[in-house]
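K.L.:
Could you have a look at this structure, given as structure tokens, before my questions?
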Amino acid sequence: MAARAGFQSVAPSGGAGASGGAGAAAALGPGGTPGPPVRMGPAPGQGLYRSPMPGAAYPRPGMLPGSRMTPQGPSMGPPGYGGNPSVRPGLAQSGMDQSRKRPAPQQIQQVQQQAVQNRNHNAKKKKMADKILPQRIRELVPESQAYMDLLAFERKLDQTIMRKRLDIQEALKRPIKQKRKLRIFISNTFNPAKSDAEDGEGTVASWELRVEGRLLEDSALSKYDATKQKRKFSSFFKSLVIELDKDLYGPDNHLVEWHRTATTQETDGFQVKRPGDVNVRCTVLLMLDYQPPQFKLDPRLARLLGIHTQTRPVIIQALWQYIKTHKLQDPHEREFVICDKYLQQIFESQRMKFSEIPQRLHALLMPPEPIIINHVISVDPNDQKKTACYDIDVEVDDTLKTQMNSFLLSTASQQEIATLDNKIHETIETINQLKTQREFMLSFARDPQGFINDWLQSQCRDLKTMTDVVGNPEEERRAEFYFQPWAQEAVCRYFYSKVQQRRQELEQALGIRNT
């Protein structure tokens with residue numbers, strides 16, 4: 001530090017200090033005449049800077065005798081201690097050691113921000129590689145191979161579970177339906193007429209018709225499905241119409257209709273009550289609520305594809321299968337279909353595009369037919385068979401779909417796995433720290449002296465990095481450092497640049513005065 005102060009005290013001097021590189025400074029006598037050379041000695045405790053080219057002082061070009069030059073620019077001193085430039089004065093940028101450059105403050109800030117982001121990212125996302133034990137630990141502890149085997153098994157298990165989850169997600173995109181039997185019960189009761197002698201008023205004879213139903217229990221259902229809430233009877237239908245005998249109830253009162261709306265509340269059955277004391281023939285029309293919607297095919301297309309009622313995607317898929325089986329695709333223009341005699345009769349065209357098929361199918365698809373049940377409402381008190389049962393096929397959501405959804409949405413197991421993974425990462429990190437401590441102590445035990453020297457060198461490098469010190473202060477404080485080949489060229493370039501700068505300033509000043 002004393003040597004550093006000595007250089008800084010010499011650098012800011014004027015003309016005498018600037019020529020210190022020649023080995024001596026010329027003292028100016030009265031009138032500006034050069035006096036005898038005066039040797040500048042170092043301050044107490046300071047080292048003396050000696051130039052590699054000793055010689056007498058020489059006048060600077062472009063300066064009058066006796067004049068003094070004021071210092072310009074940064075102070076001159078040893079590299080790394082004087083001024084702010086990141087390179088030595090007069091030394092080309094390419095000749096500077098890249099490792100000795102001081103990074104700009106903006107670059108340092110960017111590097112620090114990037115490091116913080118990387119640490120946060122690594123803290124949030126643990127990699128599979130963090131669970132792997134280093135090879136050195138596996139050599140020291142042979143029993144750790146069992147852990148590596150478990151890790152490989154876990155990797156395979158994770159891959160299998162992930163593949164299964166993807167399969168389930170793809171399956172949920174398609175409608176998963178299963179066919180069940182819906183049993184419909186149609187019953188009626190008769191209330192005979194009653195007379196009231198007291199007030200002369202009585203009740204007329206009437207009957208009541210009930211339409212209800214339920215799903216038949218399937219022996220293959222699980223306990224989960226058995227305890228599940230039962231669907232209401234009306235949820236299976238889009239509309240229900242009961243048509244009574246028009247001759248008995250007239251054209252305005254012979255129809256009883258129910259249609260589903262957005263605000264419809266589901267019910268377990270329907271009942272109709274009308275006056276009457278004779279048997280009534282009625283027709284029950286039930287329109288199933290298909291989800292997704294299904295359509296009835298044109299009879300010609302139904303015979304060709306072997307489908308009576310189906311969803312639109314299934315119909316298009318069946319038609320494409322027919323085209324592919326009979327090789328009806330145009331070999332030259334693949335977007336066209338060459339219709340055979342059956343397709344020509346149905347679509348009334350010899351050639352059509354694939355993109356036209358959905359539009360052409362629209363005219364061939366009709367609403368599905370309703371379920372028609374004919375029933376006789378009996379008012380005979382001796383008739384014991386007043387309840388009729390009918391079984392129809394309905395499509396309900398597969399119970400497996402609910403289990404699939406619950407499997408995908410369940411997070412309890414994921415949280416438990418994440419907790420165990422964190423424990424594994426902490427354990428592996430502790431093992432790595434213990435391994436580092438073991439290697440540290442083992443190296444010290446083998447060669448204490450060499451280990452201490454290497455450790456001090458490493459700590460010195462870390463200290464320089466932490467304190468942002470550029471260069472090697474231990475070398476730069478010695479005079480031999482400045483007897484290297486670069487010093488002479490650096491000094492000459494520095495003086496030349498200062499002279500050129502001063503000359504330009506003088507020329508500008510003289511030019512202003514002349515004008």
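The first residue you see is number 1, and the count goes up from there.
From the backbone N, Cα and C atoms, a Cβ is placed for every residue, glycine too.
The model shown is predicted, which means the values in this text are computed figures rather than measured ones.
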K.L.:
Name the residue among LYS101, LYS179 that Swiss-Prot annotates as SUMO2 cross-link.
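P.N.:
Annotation hit in Swiss-Prot: LYS101.
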K.L.:
Have a look at 64-92, 412-440 and point to the one annotated coiled coil in Swiss-Prot.
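P.N.:
Result: 412-440 is the stretch Swiss-Prot calls coiled coil.
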K.L.:
Which value does the mean pLDDT take for the coiled coil (412-440) in this predicted structure?
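P.N.:
Looking only at the coiled coil (412-440), pLDDT averages out to 89.
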K.L.:
May I have the DSSP-based helix, strand and coil counts for the residues of the domain 'SWIB/MDM2' (290-367)?
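P.N.:
Output for the domain 'SWIB/MDM2' (290-367) reads 37 helix, 16 strand, 25 coil.
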